[in-house]
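Here's the structure we're looking at; comments come further down.
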Amino acid sequence: MRKSSRLILALDETDREKALDIADAVSGTVDAIKINWPLVLSAGPEMITELSRRSDVICDFKVADIPNTVHLIVDGALGRGASAVIVHSFTGSDSMKEAVDTAAGRGNIYAVTEMSHPGGKEFTAPNAEALALVGVRCGVKGFIAPATRPDRIAAIRKVIGDREILSPGVGAQGGSASAAISAGADYVIVGRAIYKSDDPSKVAGDIADEIRTVL
Ligand code: O7E
């Protein structure tokens, strides 16, 4: 994934045509497009391939399963053209290692350690540093840390060295792109603030400009 605007679009739009229009509008600005179950369930897994012609695609399937099932999901997503897959880290080192081994030479694995919504403070935040250490040992490319709590981005950065941090929670969830980058994130992930706006291209450009002010 290139590291230019440091902005990743979370394309949770469920209308296939609208999703493709938005992807076309912002693909020159964003460094990657992240897709999740809402778009895959409504438009089909072929959207992974379709979008991969426009941008790097990160499949945010938050995989949380036994190693064999992790292998099948990661293999399927990369086989359709994804550049990266996101997995949960709480499943443990064997599942995370299986994801990394399956992706080797074909793509990257990012691990979720702490979620950005208020409920993320209940179980994920208290365990995030320990989960991140396991992810480092398993060789993941990077981690997901919450833009809604920049102090937590800084805390995860201390544990993971120079591995990447992708940070969701900007805009609709109240987080700030520049604060997340300043706290140590490499990229921010933005969904509704872009894909629900009247002018996705302009909003993406504005967020990229904001990020540039703190680089
Ligand atoms: O709030 P939005 O609309 O900007 O969308 C945020 C996206 O990031 C959405 O797809 C959501 O599923 C995802 N996300 C979070 O919001 N919080 C998290 O803690 C983790 C993710 C996520 O993407 O995890 C993997 C990157």
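Even glycines carry a Cβ here, placed using N, Cα and C.
Annotations in TrEMBL come from automatic prediction, not curation.
Features reported for this protein in TrEMBL:
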DOMAIN    6-207  domain 'Orotidine 5'-phosphate decarboxylase'
BINDING   Asp12, Lys34, 60-69, Ser116, 168-178, 191-192  substrate binding site
ACT_SITE  Asp60  active site, for OMPdecase activity
ACT_SITE  Lys62  active site, for OMPdecase activity
ACT_SITE  Lys62  active site, proton donor
ACT_SITE  Asp65  active site, for OMPdecase activity
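Locations of recorded TrEMBL features on the structure.
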residue	record	Cβ neighbours (10 Å)
Asp12	substrate binding site	18
Asp60	active site, for OMPdecase activity	28
Lys62	substrate binding site	15
Asp65	active site, for OMPdecase activity	17
Ile66	substrate binding site	12
Ser116	substrate binding site	24
Gly171	substrate binding site	22
Gly175	substrate binding site	23
Gly191	substrate binding site	22
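Residues Asp12, Asp60, Ser116, Gly171, Gly191, taken from the recorded positions Asp12, Asp60, Asp65, Ser116, Gly171, Gly191, are distinguished by a CB atom under 6 angstroms from ligand 1. Cα separation, Asp65 (active site, for OMPdecase activity) to Ser116 (substrate binding site), rounded: 21 Å. In the three-state DSSP classification, Gly171 (substrate binding site) falls within coil.
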